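Colleague: Below is one structure. I have some questions about it.
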Amino acid sequence: MGVDEKMRASGEQVRDALPTVNPDVEKSQPPKPSLHPAFYVTIWISLSSSVILFNKWILSTLHFEYPVILTTFHLVFATLMTQLLARYTTLLDGRKTVKMTGRVYLRAIVPIGFFFSLSLICGNLTYLYLSVAFIQMLKATTPVFVLFSSWGLGVSQPNLKVFLNVSVIVVGVVIASVGEIKFVWIGFIYQIFGIAFEALRLTMVQRLLSSAEFKMDPLVSLYYFAPVCAAMNFVVALFWELPKVSMQEVYDVGFMTFLLNGMCAFALNVSVVFLIGKTSSLVLTLCGVLKDVLLVVASMIIWGTQVTGLQFFGYSIALGGMVYYKLGYEAIKGYAGEAGRQWADFGNRRPILRRVSIMLFTVMTIFVLLGGLAPTYAPGMDPTEYLNEAKNKIGIARL
């Protein structure tokens, strides 16, 4: 082979080895835009709070005192929406990996749906008797009931240390219950049963999901559970509430109100899917605590619920115990140290904004403690009677 042929062959090899795409162009392509996790957190807290307040408003303020019918409507709406999403979107493609058979559905999904239905019924019945603030305080005991149900169903082994940890939550809720001004036993019993049924459901779901072939996100779970829950709730409503409800009561609430309520409840389930995929367990725990606190404040603002200092003290103990139980001492210590460093760095970068934040927090705390949490010392006092009596003494016409 001649020199020219070697050079030509070498050149052809070099040309063949050249990349077809400019690497600089590839590197210069901007990354796909993504939303900040705070967006998903805000959406979830807003929807979760809205569903609870919306239900309370319909059942209590609008006097549509048929919680089973309302729950049945939510489940029928969720059934229809999940079927549509499964057919026309990819949000429910996860169901394709679930090996669901008729036997599994009857032995696993139906029992879980049964307890899910009972928890929804009892939870909504509670709104007829208790304030949103007190309901949220009672819900702080959910980890305790989940722990006991997991022990009872053999999912986990009893542990004295864990039992002592959750006992702090119980003590806090007991203190909050003692401080409740408008304590109604039937509402309290409904809520406790609702929490117990929910704990059994969660434990059964945990046992089901322990198998890799039944891994499901919340939306896929709703796809399977909503139909059976809707059927069970409808049977209960058929004998309990449908004979008493009138169309005039439905018209008083309005079809658009019911539609918005159903959409809000379903959107909450969708938001949970995105929240789990974008955040950590710490964020989920703290979001739940923040949501509960905001609901207590919202109940005070919207319905004028009186929350005593004793309740505030007990609820603080329960929330602290819940965070400690879910995260553990070492995790809390690590997160607290990191938060302290971030706060110090924020103060160095923006000292004025940090001072303003501290002042606003202090003012809000004083306002809540001395205003919203203060007891009513003279709830039955009518100043008109005293004014009329005074005017009679001085000869002025009565009011």
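The backbone N, Cα and C atoms fix where each Cβ goes, glycine too.
Heads up, here are the entries from TrEMBL:
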type	residues	note
COMPBIAS	1-15	compositional bias 'Basic and acidic residues'
REGION	1-32	region 'Disordered'
TRANSMEM	37-58	transmembrane segment
DOMAIN	38-325	domain 'Sugar phosphate transporter'
TRANSMEM	64-84	transmembrane segment
TRANSMEM	104-121	transmembrane segment
TRANSMEM	127-148	transmembrane segment
TRANSMEM	160-177	transmembrane segment
TRANSMEM	183-200	transmembrane segment
TRANSMEM	221-240	transmembrane segment
TRANSMEM	255-276	transmembrane segment
TRANSMEM	283-303	transmembrane segment
TRANSMEM	309-327	transmembrane segment
TRANSMEM	358-378	transmembrane segment
Colleague: Report the mean pLDDT of the predicted model across the domain 'Sugar phosphate transporter' (38-325), rounded to a whole number.
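Modeller: Across the residues of the domain 'Sugar phosphate transporter' (38-325) the model's pLDDT averages 87 on the 0 to 100 scale.
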Colleague: List, by number or range, the same-chain residues at least 6 past the transmembrane segment (183-200) whose CB is under 8 A from its CB atoms?
Modeller: 115-116, 118-123, 125-126, 128-130, 134-135, 138-139, 141-142, 145-146, 148-149, 153, 177
Colleague: Residue list, the transmembrane segment (104-121) vs rest of chain: Cβ under 8 Å, 6 or more residues beyond ends.
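Modeller: Distal contacts: 67-68, 71, 74-75, 193-195, 197-198, 200-201, 204-205, 208, 214, 224-225, 228-229, 232-233, 236.
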Colleague: Looking at 37-58, 160-177, 255-276, 283-303, which one has the highest count of Cβ pairs under 8 angstroms to the transmembrane segment (309-327)?
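Modeller: Looking at each of 37-58, 160-177, 255-276, 283-303 in turn, the most contacts to the transmembrane segment (309-327) are made by 160-177.
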Colleague: So, taking each listed stretch (37-58, 255-276, 283-303) in turn and counting its Cβ pairs to the transmembrane segment (127-148) that are under 8 angstroms, which one gives the highest count?
Modeller: 283-303
Colleague: Mark yes when the transmembrane segment (160-177) and the transmembrane segment (37-58) have three or more Cβ pairs under 8 Å (sequence separation 6 or more) and no when they do not.
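Modeller: Contact absent: fewer than 3 Cβ pairs fall under 8 Å.
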Colleague: Give the nonlocal contacts of the transmembrane segment (64-84) in its own chain as ranges (CB under 8 Å, at least six residues past its ends).
Modeller: 55, 58, 92, 117, 120-121, 124-125, 127-128, 219, 222-223, 226-227, 229-230, 233-234, 236-237, 240-242, 244-245, 249-250, 252-253, 258, 261-263, 265-266, 269
